[in-house]
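Data block below; observations after.
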């Protein structure tokens, strides 16, 4: 019986995995899906062979909006009629992720949750209902929520019936990845636990798996991109630096031995974190010790949703795991966390965890314990290497607190309306107005707290980027000052410094793009500041690269590598700017009325006009060769003006030599007052090019429009007057002109006829004829 049931379940699962909508898609082997992992090119399912393929354009990476995900599905599957997207129920392991600008793809897998690209008219999933399981469904026509919300509703409904959620699917789409209901299958706890135990027994011989991170997580995370652009910057920056350290090819053997590969270190940390119990310890003591530990994110920066047992609350709570390190109080699901830790803790905690939670099934549960000082705690804590994780937790606590307060107000509102049924109409309106004002006040307060949280996070990220850039610049200068200087070491330090500057520029552009999407007016206000900051970055890079010419022997040896490095960075910059400035943005609602950056008259050009980016462009005042720089055995030469001829009038801080160079002198760029107050400026050779609107031409256009308007108004008035006169002259009111040559009797007869006189003779003959 059991083998037959297993074969039946396997066949049904295989049929569902290969199931695709039948809207003209006969012959497809797999369902259209896309997967994203920040820092790597997007992947999509090849519907012809059932394998994952990399992004065909070689430029698209993680997308942070559902509209963008839908558009990307339509781009990679142009022959299919993609109408919607929905997050998959289960994560998958995908290998061979490619990085933008790199030819070779890494072989180690990443664990992500893909998005299903729905084809044609929406059709609900066919769920398999095993024996002793129940099929349930919930619909709310007044609710339009995400996949995560309905998954939570299904899980809580099964928990209330003392069952486990076996499978689920969405019902009644109402937007992009939003639905009005869910269908799900609940199975008894005993059978689910048997299935879990059998699966664990096949995969691992140990009695208890403590939820530690596998090596597959060392460099990856689940692909849930739900935050705005600035919330992901720290994770992306640190992951990029880790990958850059892997790809660096140091020429010095000592450095290669000293520097440890990133993934080997994370694998060793993971293996230490997942060490099982020794034979001398009892299982209960170890479980109690593990479940009493605090949640740890770890040194990595992935954002994997996990659960840990909170001793103070007596239940499992969610947190974000970095992907490596941490401790063993780390579980995939809330059910598994409670199964391991709930039975091993004290009886009081056990009773607390076994009490059913009376929650509204259509309300999102609180994802983190809310405290009154949730934001204050984050603001008072100084920033550190775990800034992104701290920001995520603070944001979750803030949202949880806001949801709790809104729920409390709504309950009070319902109770007040129930009590005010018999009150006069004026009193009912007063009650409604009172609670409306209260809700608006809570919304405004939450918005202010969110803004304060984001601004603090942005400031800390900028400070972190500045510290890294300063450290990279100091290492670069130290490498140049070494006696004798090692060219390979100098190049590696220069490469890290250039990347640090590029990270700063990327962060600035990403922040500006986010502000432009959220608040176009504020983006227009900060545009000049962004442009000035980008120009300062290029000035600083020019001055730093000019130091390389003070050591001509090193400059000659690493010429090709530096050209290749700068060309690669320039190509990446072209892609970033093309995506952020030129790429059209699909939006829904009022956001679609926002003007595109490319439609404005202000032109932003952050790159050279000719598209080339090499050391010669950054150093037009020098050419490679030993003859171009006078020899100096002590490496003390006069500093070179690292700017084009048009900018050499700008004052800079003088320096006495390479040995006296300070980081602050290079990072500080002074601008002439006339340059700063000018309405527009233009800088070539990797400088910012900014064309402001011509104020004079605008005034002339306005005057011309005013004169034209006056002329048109005058013509209209004259035309109306003439028409009115013509209308008056055409009215006769029955007056008949009389010839002056007629006799007085005839004139008198005409007047009598005008006054109604009728000749009796004529009247007599008319009556006779009638």
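Keep in mind that glycine also has a Cβ here, set from the backbone N, Cα and C atoms.
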From the set 728, 757, Swiss-Prot tags as phosphotyrosine just 757
Labelled region 'Heparin-binding' by Swiss-Prot, one stretch among 325-357, 358-390, 391-423. Can you tell me which? 391-423
Just to confirm what the record says: which one of 22, 603, 633 has O-linked glycosylation site annotated in Swiss-Prot? 633
Residue among 193, 206, 282, 623 with Swiss-Prot annotation phosphoserine is 206
Taking the region 'Interaction with PSEN1' (695-722) alone, what is its mean pLDDT? 84
For the C-alpha pair, I'd like the distance in angstrom between residue 336 (sulfotyrosine) and residue 441 (phosphoserine), rounded off. 40
To the nearest Å, how far is the Cα of residue 706 (site 'Susceptible to oxidation') from the Cα of residue 743 (phosphothreonine)? 64
Residues near residue 497 (phosphotyrosine) in space but at least six apart in sequence (CB under 8 A): 469, 472, 473, 475, 476, 544
Compare the C-alpha of residue 743 (phosphothreonine) with the C-alpha of each of the recorded positions 441, 542, 757, and give the closest one. 757
For residue 757 (phosphotyrosine), which residues of its chain lie six or more apart in sequence with Cβ-Cβ distance below 8 Å? 749
Return only the integer: C-alpha distance in Å from residue 441 (phosphoserine) to residue 542 (N-linked glycosylation site). 50
Determine the most Cβ-crowded residue among the recorded positions 441, 542, 743, using a 10 Å radius around each Cβ and all protein chains in the structure. 542
